[in-house]
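A.B. asks: Here it is, the structure in full.
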Amino acid sequence: MNKKANYKWLVLVVIMLTILSIPSFFWMRKDNNARAERSKSLLSPVIMVPGSSATTERFNQLIDELNKTTFKRHSVIKITVSREAKLTYSGAIGKNDLEPLIIIGFDNNKDGYTNIKKQAKWLNAAFKSLVQNYKFNNFKAFGHSNGGLIWTYWLEHYYAEYSGDIKIKKLMTLGTPYNFNESNINNRTQMLADFIRNRSKLPTYLKVYSLSGGKNYESDGIVPETSVAAGKFIFQNQVKNYTAITVTGEKADHSDLPQNKQVIQAIRQYLLKKPERPLKPNKRKENH
Amino acid sequence: MKEFTFNILVRIQEYSFFRAARHTMAMLMPIAVVGSYFKVLNDLVFTPNGLIYNIFSLDKILSDHIWYAGSFVCRGMVEITFGVFGVYASYFMARYTARLYHKDSTMAGLTAVSIMLFCSYASSSGRDARMPFTASLLQVNALFIALIVGYCVGQVFHLLGKNYSYVKDEGTKVLQKRAGAAALPSFVSLLAGILLGIIIYELQLKLLNSASFNEIVSRIQTTNNFAEVLVLSVVITFLDWLGIGFPLHSLSGTVNNAYTAENLTYTLRHGNSWNVPYKFLGSSLINTYGTMGGASVVLAIIVLMLLIRSNRENEINAKINLLPATFGSTLGFNIGLPLILNPVFLIPSIVIPLINMTLAAAAISLHVIPVCVYQILKGTPGLLVSFFGTNGNWAALIFTILLFLLDIVLLLPVVIFNEKMVTRINNQKKG
């Protein structure tokens, strides 16, 4: 061995580092730019998941009602996820719309815990695609009936993957049966037990609103009130705040809830961004 | 003075604990090297946030099948090397300790292994039928514990064992006699091991997992007080030298907490990191400039040994560990040289990170280099961490390279000193 032999190794390492750092440099610049873009983005979509047996068309009436009275129209994107996790998009985000509504539905929209787990996985496939296609750093979630269960499962099992870059601000569930059809709270279903067991994974900054319908004193006609109320065992003392609201009167049964005026009012008030109203002329003067 | 230090260090190296530990680590060097190569491969290619995986978009090139197979092999190899390193280490430690006193070393080794496994069983709190042993106690990061257990067993054999000399062609009868002769020390050690296990079980002691060092780790990750960073750095680098790598290990890679997030958000909004709210975050300073992802001490010593070439074994060691150490996998060399429990390298392993961090903090406050805030891919070479962590700031790169050269200069006398010492110890053995 001659004295030069070891210089050879050191030079090789330096060359290797240089070669490796050139693509790394460009990759890093691109990645950091994308990160900066996401961080500056003002886009804050509302992602909605319908319940069992419902498709992406489930919220049409709700959206119409919402847009009638909202200052700016919300644009709508609908995504259907097939059993093989293939996505079909329709609609587009309007140019200046910072709060689009995105509806995610599933080809297999059946009831039951095993299906909910599958649907959460499909929801994640759609979410991943949304994250890649649109630069947003926060969003709001809405789930009708089982849609709320799918969101809860997703939050406990998939959200951690994104939480560094993308924040979920609020979750609103509507007639969500956290204990399925069980009206006795002492009989916890497997799903509820699992939700409670994994509750520590729910983000502590999340605001949760759980809306229920009261057709009679026990249920909204399908989901028992106690099953909706069981949500408190999952969210209370874990998330930032948990608010339960019961809506009664006209259109308060389970499948009418998304069209209910009070529900739409609650969505506008709690879930959506507050509209920026132009200041009144006299107030403007005061500011001068 | 120099001669005096030299003699003291030689004396320390002569203690049975250090002698046996040195032999143990020399014996385990190949396992550690295999582990560190697979760890680098895993970090670079088979982790979703690995360097090569991302920059060459391997998710599109490699089929899932191949990727999962590769990931499986790498993780498996890391698991059977570093994951259960304590089992090997306790075996050889007991063996070499017993051998120093001419006792039956194989039986001592086996006893030490059973005690290690029992303690690991005792600390697995889940009582999960599939995972009866906790990995944390057996990991390479808890090497010190394994060495202590091995040493104690060796000493029990020293006190209670019968002298044993190696017999060629052992028959069953000889073997039975041998097992019988080792019964007393084995029994006594095992009893002590059971007592230890009971204590662990009853008090639910999570002996040496990352949680035991959570306090230190979370302090250093969240402190922005430079003096505190220096003090904690001393603790962490000392533990690492001792063979307890958990705290240092949990600082490598990207740390995610409220403070780093606030820094990153600021940087993304403003386009630069000159005036982030937390300029001297411990986690960022230690990993980027203190240990430089393993480059500041380990890689510098490797480079020196490749250049000085006075000791053949050390040179070979340096050569095979050059690649993994460049990518931040330093355990192969830590054990191979060894750096762990090597009195000569105690002071440098602690002081050099302190010097580096002080210079870096000064450079940051003088606005020579920006603060390191961006996320780093796994397997990023230690020398490039600051460059990528500042979104490609050239001043940071040049500063890091100069720091590395300074470390090499500072370590030069230490390495020469070490080579001399190795020669002296070898000569004494011959003499």
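Including glycine, each Cβ sits where the backbone N, Cα and C put it.
Just lifted these from TrEMBL, have a look:
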- B:1-414: domain 'PTS EIIC type-3' (DOMAIN)
- B:20-38: transmembrane segment (TRANSMEM)
- B:66-94: transmembrane segment (TRANSMEM)
- B:136-160: transmembrane segment (TRANSMEM)
- B:181-201: transmembrane segment (TRANSMEM)
- B:286-308: transmembrane segment (TRANSMEM)
- B:320-341: transmembrane segment (TRANSMEM)
- B:347-373: transmembrane segment (TRANSMEM)
- B:394-417: transmembrane segment (TRANSMEM)
A.B. asks: Most CB pairs under 8 Å with the transmembrane segment (B:347-373): which of B:136-160, B:181-201, B:286-308?
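C.D. replies: Answer is B:286-308, with the largest number of Cβ pairs below 8 Å.
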A.B. asks: Among the recorded stretches B:136-160, B:181-201, B:394-417, which has the greatest number of Cβ pairs closer than 8 Å to the transmembrane segment (B:20-38)?
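C.D. replies: Checked against B:136-160, B:181-201, B:394-417; highest Cβ contact count belongs to B:136-160.
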A.B. asks: Across the domain 'PTS EIIC type-3' (B:1-414), what is the average pLDDT of the model, as a whole number?
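C.D. replies: That stretch averages a pLDDT of 89.
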